[in-house]
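Asks: Take this structure first; my questions come after.
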Amino acid sequence: MLSGDQVNEIIVEVENVPSGVQSHPSSSQIVPEQTLANSSFSLVSSISDIDVTDSQIFSNWNDKKGKQFLRFSAPVNESFSQTLHSSDSMGLDTPCTSHENIQGQKLIASLIPMTFRDRIKTIRNQPRTMEEKRNLRKMVDKEKSKQPRRILEFNGCAQCLNSISLAYRRSKNSLSELFNSISLWQKTFKVIGGKFGTSVLSYFNFLRWLLKFNIFLFIVTFSFIIIPQLTMAKKNHLQFTGLEFLTGAGYFSDTVMYYGFYTNTENQHGSSGTSYNMQLAYIFTVGACLVVCFFSLLFSMARYFRNNFINPHIYSRGIAKLIFCWDFTVTLKSAVKLKQKNLSTEIRENLSEIRQENVKLTLNQQLIRFSAHLAAWVVSTGVTIACCVAVYYLAKKNTEFLANHSNPGEVLLLPFVVSCINLVMPRFYSMFRLVERYEMPRHEVYSLLIRNILLKLSIVGILCYYWINIVALDGKECWETLIGQEIYRLLLMDFVFSLTDSLLGEFLRRIIGLRLITSLGRQEFDIARNVLELIYSQTLVWIGIFFCPLLPFIQMMTLFIMFYVKNISLMMNFQPLSKAWRASQMMTVFIFLLFFPSFTGALCTLAITIWRLTPSADCGPFRGLPFFIESIYRWIDTLSQSRRYLWVVWIYQNLVSSVHFFFILTLIVLIITYLYWQITEGRKIMIRLLHEQIINEGKDKMFLIEKLIKLQDMEKRASPTLFTPDTRDVEQSGPLRVREHDAARDLRFRRSVQEDNPKA
């Protein structure tokens with residue numbers, strides 16, 4: 001035990017620690033590092049609540065040998081005593097002693113001179129709870145801040161890097177917590193994933209990703225195009241009838257919704273203020289949105305590809321996660337049930353894929369399956385071509401039809417027919433599953449995705465050709481606004497059809513399957529059809545953002561409504577997939593389809609519009625110019641006359657308008673894609689070799705055990721008297737012998753299974 005003087009004042013001798021170097025134990029240190037790392041002092045959460053601001057806890061001085069002495073005064077000893085006497089709240093079973101008090105003081109004294117990284121590492125290695133470690137770190141930081149600067153022997157560069165690293169980690173954690181707190185529909189996603197699996201959940205993940213995408217597009221266009229135009233807008237004298245919500249014409253034609261409303265004048269703020277060029281703002285804002293979309297899609301594809309194709313955990317099917325990673329902090333009964341349901345669904349998906357991979361077909365079955373697939377693809381391609389031809393001729397006749405009729409509701413004929421095709425034909429393609437009979441559900445989804453995207457984007461391509469070569473060259477007044485109205489009607493009609501199908505069609509299908517034709521039962525969620533609806537609508541938004549800057553806002557509202565409608569319909573009208581399968585790689589496929597051909601097609605359409613078409617002479621910010629891009633050419637000519645902006649001219653001439661730059665950029669993207677692909681193939685080879693090594697090791701162990709058993713039997717037959725045990729030895733070795741025979745039988749069974757099926 002310690003005397004009273006020792007309790008009131010304890011001196012701990014610590015070596016001087018150079019900056020950036022971890023301290024090592026020496027003979028002059030009272031407490032070695034291992035003792036500190038393994039000490040069982042009871043410094044817990046109550047330490048952070050101790051008020052020691054009124055007294056100086058540490059005083060220090062240097063002796064002639066350059067050693068440091070840290071003196072703990074009475075208040076800190078009292079604080080440790082309060083901490084040690086609160087062992088009941090900590091759940092400690094050992095009695096608190098003054099020895100633990102001393103160990104805690106020594107640990108704090110040893111942590112203070114360390115660098116930030118070493119201190120965090122030492123605290124992390126302590127056998128304490130997270131709360132205790134957090135409070136210990138706060139206590140050390142508090143005492144460290146009270147030390148004079150001459151004790152903390154950090155040089156300026158190291159201290160600056162330490163501060164920057166700490167600020168970066170704190171800001172990163174804060175942003176992560178902020179994004180998690182504002183993340184939409186987290187609980188709903190857990191419910192969907194637990195009941196319907198990750199395959200259905202991938203659709204809702206994709207919908208939320210598109211919603212965030214359109215929120216960004218709306219913020220950018222609203223800030224740099226719509227708000228400046230509103231400050232210069234004139235009063236709208238057209239009458240509002242309500243039919244504009246369907247047709248997009250009438251009152252809306254003279255608003256910021258369409259291209260024709262925007263002016264080509266410069267907005268001057270004050271007599272000597274800067275001017276706001278609407279031409280440059282319009283084209284640069286649209287261009288910036290497309291560039292951000294391009295790089296965001298590339299980054300998202302790379303991130304999902306790395307997570308779902310390159311990381312090795314995908315090849316182990318997440319077995320370690322399912323077995324060893326139960327979150328014991330989940331205590332709520334409903335949360336526990338939801339977690340159990342999620343785990344059971346993941347196990348079912350893994351087992352289903354293992355079973356489907358082991359299915360082998362005979363040659364006749366493969367020929368029949370190939371013939372069915374070929375016939376289905378021929379029929380689906382022919383139907384797609386017929387639909388595209390019908391839409392093209394309908395669009396041509398629609399121009400003549402509208403010229404001879406004045407009813408405003410007749411403009412909905414073309415969007416109505418296109419929406420009917422997009423609603424009926426995917427269901428027709430889904431019926432091919434009765435003939436094709438894919439063993440892997442993922443292959444069925446991929447085939448439906450390809451057929452649907454060929455149909456939908458072919459129709460969009462036909463409409464773009466109609467707009468660029470017929471509407472734009474027809475000489476009509478403000479043809480840009482007419483195209484914007486057409487795209488608005490297509491987007492709105494597609495939303496109305498999707499909403500009606502979810503609320504009425506899927507409900508009627510459930511009634512028929514449960515009451516009229518009970519053999520049908522509930523239907524399964526069609527992932528391919530629903531995903532292609534999202535890709536189709538987003539393609540229209542990218543094409544129409546130049547002609548209708550408010551389209552991202554309309555798409556944002558439709559996606560928000562469709563999430564709740566689809567969620568309610570999913571819970572009421574659908575059943576889980578009969579063939580469970582993991583959809584960890586589906587988001588990569590969805591984003592790839594969104595990038596190509598959806599985004600690339602929209603980008604090509606807008607490029608042709610900006611570089612080749614002549615703007616309307618009486619409306620829009622580019623009126624009077626031979627081409628839309630001419631505004632950029634004139635702006636660069638103006639900047640070239642000023643010395644201050646020559647760097648902007650150089651960037652435009654050598655990067656933006658240079659073919660070599662885009663060639664090099666494309667080459668870099670292809671090289672990165674190739675490297676990712678090679679890494680994926682290397683990981684697959686590595687996993688296969690490791691599996692073969694595990695199988696070979698099992699065979700070696702089985703061979704050695706069989707040899708050992710044969711050797712024992714031979715020795716027993718050669719000298720049976722030596723192997724005649726007494727009763728006691730038999731009783732002791734009997735269970736061991738039984739376990740050896742059981743193990744041998746188990747290994748033989750494993751070897752037979754491995755020889756029959758090496759993948760097992």
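Any Cβ shown, glycine's included, is placed from N, Cα and C.
TrEMBL labels come from automatic prediction, so no person has curated them.
What TrEMBL lists as domain 'TMC' is 478-584. According to TrEMBL, the feature transmembrane segment maps to 209-228, 240-261, 281-299, 374-395, 411-429, 449-468, 540-565, 586-611, 655-677.
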Asks: Does the transmembrane segment (281-299) reach the transmembrane segment (586-611), going by 3 or more CB pairs under 8 Å (6 or more apart in sequence)?
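Replies: Counting Cβ pairs under 8 Å, at least 3, so yes.
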Asks: Can at least 3 Cβ pairs under 8 A be found between the transmembrane segment (374-395) and the transmembrane segment (655-677), with each pair 6 or more apart in sequence?
Replies: no
Asks: Report, as numbers and ranges, which residues of the same chain sit near the transmembrane segment (209-228): CB under 8 Å and 6 or more residues beyond its ends.
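Replies: Cβ under 8 Å, 6 or more out: 184, 256, 262, 267, 276, 278, 281-282, 284-286, 288-289, 292-293, 296, 300, 534, 538, 541, 545, 549-550, 552-553, 555-556, 559-560, 563, 587, 591.
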Asks: By Cβ distance under 8 Å, which residues at least 6 away from the ends of the transmembrane segment (586-611) in the same chain are close to it?
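Replies: Answer is 199, 202, 205-206, 209, 283, 286, 290, 293-294, 297-298, 300-301, 304-305, 308-309, 442, 445-446, 449, 453, 457, 460-461, 464, 468, 472, 527, 531, 535, 538-539, 542-543, 546, 627-629.
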Asks: What counts of helix, strand and coil residues does DSSP assign across the domain 'TMC' (478-584)?
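Replies: Its residues divide into 79 helix, 4 strand, 24 coil.
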Asks: Which residues, given as numbers and ranges, are at least 6 beyond the ends of the transmembrane segment (240-261) yet have a Cβ under 8 Å from it?
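Replies: Sequence-distant neighbours of the transmembrane segment (240-261): 225-226, 229-230, 233, 408-409, 411-412, 478, 480-481, 484-485, 488-489, 492, 546-550, 616, 619-621.
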Asks: Could you give the mean pLDDT over the domain 'TMC' (478-584), rounded to a whole number?
Replies: 89
